[in-house]
Structure formats: C-alpha cells, structure tokens
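Working notes, beginning with the structure itself.
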Amino acid sequence: MGTAALLILLAGVSWAQREVAIQPGPLYRAEGSQISIWCNVRGYQGPSEQNFLWSIYLPTAPEKEIQIVGTNDPSFSYAIYSQRVRSGGIYVERVSGDRALLHIRQLQDQDTGEYECHTPNTDPSYHGSYSAKVNLQVIPDTLTVSSPAQTIQKVEGGSLQVTCEVSQNSSRHTHLSVSWLRLSEGEATEIISVTQNFSVRPGPSYAQKHSVGDVRLDKVGDSTFRLTLYNLHPSDQGDIYCEGTEWIQDPDGTWFPLTQKRSEGTSVTVLPTDKEFNVRLETERRTYNGGDTATLRCIIEAQNPGDRLFAVSWAFNSSLIASQSPGGVPSLTGEYARREDGGELRVGKDSDSVFSLKIFRLRPEDSGKYNCRVTERERGPSGELIDRESKRPKNIPISVLPLRTSLTVTVTANSSSVLEGVRLSLSCSVASLAGPQSRVSASWHLQDKQGRQRDVVRQDRDGVTWAGEQYRERLGTGGLRLLRSGSDTFSLELEGSQRTDAGSYECRVAEWVPAPDGEWQLLGERSAQANVDILALETGFAVTAITRTPGVTYFDSFDLQCILKPHYPPWVGVSVTWRFQPAGGGDTHDLVTFSRSGGVQWGERAGSFRGRSIVEKGDSTHTVRLSVSRASDSEAGKYQCVAELWRRETSGMWARLAERASNLLEIRVQRPVPRLQVTKVTRTLSVVEGSPVTLSCSIRSQSGPDSRFAVLWLVQQPSGAEGKLIGRSDAGTEFGTYPEGALLKGRLQLGVTAPGQYALTLQGARTDDSGSYYCQVEEWAMDPNQAWYRLAEETSGLTEIRVRPPDANLQLDQLPRNVSALEGQSVTVTCHVLNRTLPDSRLSLEWLCWRAGHMERRGLARLTVDGVLGSVEEEPGDVAPGLPSRVQVSQPSLGLYALTLRGTEVRDSGTYSCLVQEWLRDPRGQWYRRTEERSGATYVSVRQPDPQLQLDPSLLNVSVMEGGHFDLDCMVSSRSRPDSQLAISWSLQGTSRGAEPETLLNVDRSGVWAPLAPRWEGRLQQLQLSPTLFRLHVPRVGPGDSGNYTCLVQEWLLGPRGDWYLLAQDEAVIGWIRVQRKESNLQSTICANDALFYLVFFYPFPIFGILIITILLVRFRHRPTGKPGEGKNGVPLLWIKEPHLNYSPTCLEPPVLSIHPGTID
C-alpha cells in the first residue's frame, strides 16, 4: 500500500505546471519618470526562493535579447545597462520568494521595448511557462505648469485670486489633475484639487471654507485654473503654488501618474484690519494760464478702501464747490453747477481711493485755495449711514494768469526767384495757439519794388475770404487762391506770375478767444515777411551744343544735344533748329527744326539724314537731341543748333523774344579698325598613304559681324619654295580650283565647317602630295552706303604634310578562353578583331582546330576577302567525322566573327583559334596582303552529362506468413536527365549461409523482360507507378523467399549520333523479408489485430494510473499528523522511479511492466 501511495504522489506531482505572470501591458511612461513592473511565478517545484532574470527586446532588433538585471548573477547585465545597474538606476526588489519588482529610475527614450521576465527552471522536468513579456513605451514629457511669481499683500477679510497654466501635448490619452497648495514654515497644506476623474476635492484644512463658498477652483479656457479665496485670514498667508500631474490608465484599470510638476509660488501676506485713514491732495502744477485745464486729486490712504464708505466734499476759498457720496455721485452748488452744465467743470471718482476735480478753461477769478474733506461713514443697525471720522489735507493755492497770445508766424516761398509766368506760392505757418477754443484770422499784403502797399487777400476767423481791390479779378478767375491746411497753415498761390508781383509779402495772423459774455476777444496779432523776385523770360537765355562721341566709326551712332537754359515750363514757346556743314566743304544748311508747338520739319537738303536720324525734346531736361545712326562719310562735318524764345501775348499772338546760337560741333567718321586675326600655328602632319588629309584655316577674330571673307589655299613644294594657288573660296562663298592645282582637282574639297572655320580636304593622299600648305584670308566689309571694300588681309601658319605608307596595326583578341558544354549542345568560338591598319582594309579568316594526339592543326572553315565562305574537305580517318558539316560561320557585329559547332561530341574537344590576314589597296586600286595575326586559343571541352542517378535507400523490414504476398518499391530519387531511360533488375540474397544472389527479374530500358527462373515463372509482377517508382509484387510466398531483396537501376542516354549508351547505375537493398510458417496462438492473434493490441497492451496503464492517484488523494486527506513527506514507519514516499514498459519491436513478445526502486537523496 505504501508503494501505491508513493506512485500516486509521483503522478500528482508530475501533473503540476509552472506559470510565470507579469504586469499586463502595454505600459506607457513619461521620459524622466520611474516605473516598477511586477513579476511572479507559481506552480513550481524546488526552493521557495525563485530567481528572476529581466531582459529587453528593442524595436530596432525585436529578435535580439539584451540582458538587463538578474537576482542570481551580478554579471548578468549587458554593457549597455551595467552602469545603470551598478549605480542603482535599475534594480530588482524581491517582494517574496516567488514575486519580484523591476525598478527603473529616470526612464530614457531608448528604454522603449518588450521586457521579458524569466525564471530559471528548478523543476525535475520542463513543464509550463518560464517567462512572460510586457511592452513598455517611453513617451516625451510634455506637461507644463506655470504661474507668475509675485508678492501680494491683502487685508484681513479681503479676497485673493491667482491663476495657473497647466497643459500637456501627449500623443496618448491622458488626464490631468491640478492641486493648489500653501507652503508655510516648510509645511505644505492642500487647499483644493481637481482629480484626474474631474472631481473637485478640498484639502482637509479648507473643507469648511469650501462648504461656505470661501474657496473656489475654476477652469478658465483650455488650460487656466483659477483659485479664489474669500474672507482672508492671517492663517491663509504663505507661498501659494499649483501642482499639475499627468495620469494614464494602465490595462489593469489603475491610474498611474506619468509626471508631476509645480509652479512658482505667490507670496501672500494677510495684514490685520486697520480702521485708520489719511487724506492727500495733489495737482500737476500751481500756476496756469487762462483757458488751461486744472486737475486736483483727493487721495485716500487706507486699508481695503473698496470695502469702506468714504464721502468727499470740495471747497474753494472755504466755499463749497461740490460733494460726492460714497458711491461717487456728485452734487454741485450755485455757479459751479452752471459751469458743469457748460462743460467747464467735472467732479468724478477715479478709483476706490482717488476722487478728482477738473476745471476747464480757467479764468483769472479761479485763482485761490482749494481743498477736499473726506468723511468715513458706517452703516448703523438699521442700515442708515453714520459719519465716523472726517479728515482734510492742507490747502493748495492755484494762480490763473490773464489771457495773452503766444502765436508764432513763419512765411516761406517756393522760390525766392520765380520765372515770369510760373506759379508763385507762399506758405504762412502758425504755431502755439492759446487753446482749442481759440480761432485765428489771416491776411496777405504786398509791398512792391516801388514801395507801394497792396492788400492781396484775407480770411476771417469764420473762414470767409475776400481779395484786395487790385486782385479781385484774379480771385474770380482762379488766378489767386488762399488755402488753409488744418488750423495752422495759410497758403497764397498766384498763377501766371507777372513782373508786378515782385516785392515783399507779409502774412498777418490774429488770435481770437471766446469771452465770458459770448463775444470774441482779440488776444494778439503776429506777422512775418518773405521777399520774392520775378525774373523776365529772356533773362539768362542761352544755348549750348554738346556730344560725347566726336569721333565715330562706320555704322556707329552719335548723339548731339542742344541744351537750353534756363529750364522753361511747357507753356513757354521755344523752337530749335539743327544746322549742318559737310566735312568736304560747302554751305551750312538747316537739317531739322523742332517747332515751339512740338512739330518736326526737315530741311530741303536733309538728304540721307531723314532715314537715319531722330529728333527728340525732353520736357524735364530742356534739351533737344539729334540722334544719327549708321554713320558714314556723308554724316561727317560740323553741327550747330539755333534756339528762338517766344511769348504768347494777351491777344493770343506769339512774339519772338530772343534768338541764341550754340557753339559748333565737329563729327569725324572713320572706317573700322581691322581686327582680323588668323591662327598662325605651324605644325607637321604625318599621314598614311590613301587616307584623307584635312587642313583648317581658323579666323580667330574679325572686324565686324557682317564681314565676308575670301580664302586662298596655297602650297609650297618643296617647303620654302614660292606658294602656288590650288583653291579659293571668294566672298560670295563660291569654291573653285586653279591651274596650279589641276592635278589635285579630283581629290580636292573646299568647305566651311563653322563660321570662321574653313577647311581644305585632300582625298587619297599620295606621297607626291607632301609639302607645306597655308591659307591667305581677305576680309571684305560693307560701308553704310551698301558698297563693299577690302578691309584687311592675313596669312595663316604653315602645315607640313608628309605622306607615308600605312603601318601594320592588325590586332586580335589574344585572351585565352575556356568553353565547356554537354554532349549534343552547340558551342560558339569567337574571333574578335580589335584593330586594323586602315578602316577600309579587308580581312580573310581561317578557323583552325588542334586535338590531343594530333600533331598538326586542321582547318575547319575559310572566309575570303570578298566575304565568301569556303568549306574544308573531310580528311580520311578523321577523329570527328562530319565535323565540317556541323560548322557555321557568322559575323554578329563589325570586327567580331563567330564559329558555331552544332551537335557537339566528346571528340570535338580541342583548341580552336582563327588566322586573320589583312589586305590593303594601293592608290592605283590593287589589293595586297599587309599582315596576318593569329587569335588567342579557345579551349573547348565537350563532356557527357554528370551521373546523378540515386536510389532511395529506405529499407522495408516485414514478416509475411507463408502463402501470403508482399510488395517491394524501388524509388529513383534523382536521375541525370529527364529524357534518359531506365533498366531495372531485381535480385534476392537468401538466408542460407554461403548462398549466391539470385536474379529475380531483368527489365531493359524498353520495358522488355528477360526470361525468368522456373521457380519464379508466373509469380512475379512489376508495376511502374511513375517514371521513377517501380514496384515488384510477389504472391504465394514460401519459406525460401526469405532474405534481402536488391534493386539495380541502369540509366541510358541517347548520344548525338542516335546511339544509346549506359551513363550510370545504382544498386540498393530495398527490403528484408521473413516468411513464417502458419501457426495459430494468442500472441499471433493479438499482434495481427491493431485494435486488440492497443486494448491489451496500452489502455490498461492510464486507467491504472488514475486509480492510484485517486487512492493517494484519499490517503492524504485522512493521514495522521506526522512529519511531512513520510509514510508509515517514517519511510519517505517520493523514491519510486517511473514504471518502465518494455515492448517487443516485432510484437512477438508481450510487453513487460517493471517497477524499479530508486535511491533516497
């Protein structure tokens, strides 16, 4: 019974399962904060104190484990975390033997990842989970908490308001909580808070004040939290600050504070109530001018004036002016009430502690002593107001000076000298008026050159304007204007100034103020003067002619300017005429006239000037410009301008006032300076006979863009001799040759490759063409009158040409190559011509082949210079008969020749190359062989396919009853080619000692059976289930059929010439067959039936185990008290090893159940 109990206990323990649990995720924490992650294990065996290993998988490498910290190994941490572990920034706290906390202080962005808690195995076997993972995301700390630092003094019983800005910009869904606290003597007291669940919670010390409404917390806008305290008490003083916390809800539903910050504090002092008060009277100054404004302020110095009742009365020379109730409502007496109605006096309350008296438009009689009296009132029991205490400050004396003007007047003119007929403008500026109520009147007067006084115009204080007797007509026609800009500027404008308008102008300004009786009172008068002179039109009239280009070249332009002085306005009539005297002599004549009305009139002898000249007059510059373009000899000479000044009379007729002539201007017109430059480089050219030679004649610079050139080509034969003309291209771009170049005429080409680039090409150079060649360039230009003239001539440098026969330069690719191919495939061998002597040379090729065992190379194919392919006769006894017929020659590209062998055989292996001959044509047209070259060798290797035949080595081990049957499979796992054919042979190695293998069946590649042995006749059957799977069916087996069966497979391939050859073969033992004689017993019956076998030998054991566990549990519940882990007589229970079941591999023996005792540790 004790053994059964121990077995039941062992089975029960084996059912225990270890389970590791970790804090649910994902978790989100703010950067810079800390985190604690719990991990526990249960269902384990072994010591009660389990170890915990913490690792992380970073997002950048999710498959790579990085060890952080462990409880059992100080060196567990990787280098990236070892410093933080040593400094205590990361550590593990063991809560109990099977529970631990991972603490990380000062979280960093790189701490984001998947954390794994792992518990090393202490169980007898691995069963259950040993680790758990949780994701941690470190997010930025975006919480901001701010409140202005300030110092506030309050009176007991008053109120206080402070605000705090709390906001966050997190990407996760978070909540905010805000708390107001008071710090006094180092101890913080909570005033009121709004939690992360949006509920308002007062602190314990302020719960009573909150219940009666003396503590409020309001949210203003999106992020402003306002604290309001009413009925302040001295105990409320201290540093008041706010504290903001950002919360996030973890997956387990708990709220976790991500981060917490506090603001600057507001220092609050609450003073005890003081009922005393003082009064102070202030004013800006004590001396005023009549019409000014005086302000007096009565200031009350008291605690909490807004909560107290003060009444104020104002007095002048001890006489009451006005009184004000505590609410600020005024009550005025007598004359002062009327002045208030007229807007001359105002009594007001500026704030709780400041009362004011304002007197507008002071009068001299307002001089005297002013004072205010302040009376504090309190409400009696029945609500009536009772005067408690009255106070008044010292008197303030004020002096009001009589009215007098302080005007300043300034006169300015647009010019001290004005041209006759130009507008005359004068401005009279007024400054320092007595006040906003004052008005001014202005008048203009003139004293002419003869000393006579004239009244020009005036404007009274109401803005009415009238002119003097001599100026009324001009005022009516708009020739006279008096303009007022604002209140301080009077402008006088006279259109069409006359000589009588010259003189001294005076502006007189008078200032007026309203008198108390409603009339206007003159304060004073001020004046200023300015002198203006009117200049006659012809005064200073002068004409000057200038030019910046006295010397010009053909086709250039030149400008002549006629400058008029002084600058006359557009209404003054001025006519200008340009005169011209040719350089070759002759009379001076008028070219063009610019009339006073703006018209242009050309002279009778203007000639070519009309088509290439422009006359312009500038209104702003007072100049008349004559512009001449495309200058030629016809425009060379002397120029002069004559100007006439005209004035329109009152009758409307024009009268000529003056005429002025300018200085003479001489213009010289020259031909352009030759700038022709031809390249003078001397060089030597060595050319191959028959090749073309190109000589260039380069014009580096030319005199003008429209120049034309005649190019003459000359040759010196021999060098140094006189040059002979062989070709010419004239200015009309016509090409030709000359008698000196008659022999070259058929081979000479003249051309222009680009502007300024001339070329002479000599085709098919011969040795007698050697010599020194050069060009001579003539530059022709067209003058402005469309006539051509030769401008310049230049000769180029010599080019010595030496004609020689061509150098042999045939080059073939000499790089050796290896080509490998399977039998039957095609092989291509290339022959690459890298270079040749001349581009137009011709090539002949011969393909050669050398095989091992042969002394000489043999030709395969020939290609003549005409591109004709010649075949090579097959030689008797050739190792590779029919090879020429399988050869194909092609030219894929220029210079690349290819030899292709079709249907290759093993005996086609060898070394291949090509022999190339280059043929050139001499100048007479005959072809001759210049050189020959052999290419690099190409080593061709033709081989049969690699044998890859392989059989599946699976071995079948079966027992068959006599008279039964069995099947053997021969599986080909791989073959060399899919088009190969297979032959199969089956054989038997009997069980008797020394027996020879016996062939059962031979099937050739065509599926034909070989004759069978007599004992197998009619018994065998071969099936081909797939191209690579063959099955042999053997019925009616007998004892002699026992033994090892072997399968031999041969792989045959079709050769290039159509004959089959054996490529590979493989043999494998595919089965061990044991034939048993017929007998009937229980063992054979059970083994022959799978269901009966499991019923007898498998199912009883689980049922037996469940029964033992049930008995063991019942025993444990009713066991007597004793030492744990002991059975009867104190024998330990847990010492039985697992039962061992021994099975026969062939099912010939029944299973044996044995229980072996173990040892007690």
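All positions are counted from 1 along the displayed chain.
Backbone N, Cα and C atoms are what each Cβ position is placed from, and that goes for glycine too.
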- Item | Swiss-Prot annotation, disulfide partner among Cys372, Cys507 for Cys428 | Cys507
- Can you sort out which of Cys1047, Cys1087 is the disulfide partner Swiss-Prot gives for Cys970? Cys1047
- Query: If you check Swiss-Prot, which of Cys775, Cys831 bonds to Cys697 via a disulphide?
  - Reply: Cys775
- Local Cβ density at Cys298 (disulfide bond) - other Cβ atoms counted within 10 Å: 27
- Grab the pLDDT values for the domain 'Ig-like C2-type 7' (806-930) and give me their mean, rounded. 84
- Message: On a C-alpha basis, identify the one among Cys117, Cys970, Cys1047 that is nearest to Cys641 (disulfide bond); the candidates are the disulfide-bonded residues.
- Response: Cys117
- Note on the structure: Going by C-beta under 8 A and a gap of 6 or more residues, the same-chain neighbours of Cys39 (disulfide bond) are Val20, Ala21, Ile22, Gln23, Phe52, Trp54, Arg99, Ala100, Leu101, Leu102, Cys117, Ala132
- Query: Helix, strand or coil: which one is Cys39 (disulfide bond) in, per DSSP?
  - Reply: strand
- Message: I need the CA-to-CA distance for Cys164 (disulfide bond) versus Cys372 (disulfide bond), whole Å please.
- Response: 43
- Cα of Cys970 (disulfide bond) to Cα of Cys831 (disulfide bond), in Å and rounded, measures 51
- Note on the structure: Counting across all protein chains, other CB atoms within 10 angstroms of the CB of Cys117 (disulfide bond) number 25
- Message: Nearest by CA distance to Cys1047 (disulfide bond): which of the disulfide-bonded residues is it, out of Cys242, Cys298, Cys562, Cys697, Cys914?
- Response: Cys914
- Near Cys562 (disulfide bond), which residues of its chain come within a Cβ-Cβ distance under 8 Å, counting only those 6 or more away in sequence? Val543, Thr544, Ala545, Val576, Trp578, Thr623, Val624, Arg625, Leu626, Cys641, Ala643, Ser662
- Sort the disulfide-bonded residues Cys298, Cys428, Cys507 by C-alpha distance from Cys697 (disulfide bond) and give me just the closest. Cys428
- Sequence-ordered list of residues in the chain of Cys914 (disulfide bond) that lie 6 or more positions away and have a Cβ within less than 8 Å of its Cβ, or none, is Leu812, Cys831, Leu845, Glu846, Trp847, Leu848, Tyr897, Leu899, Arg934, Ser935
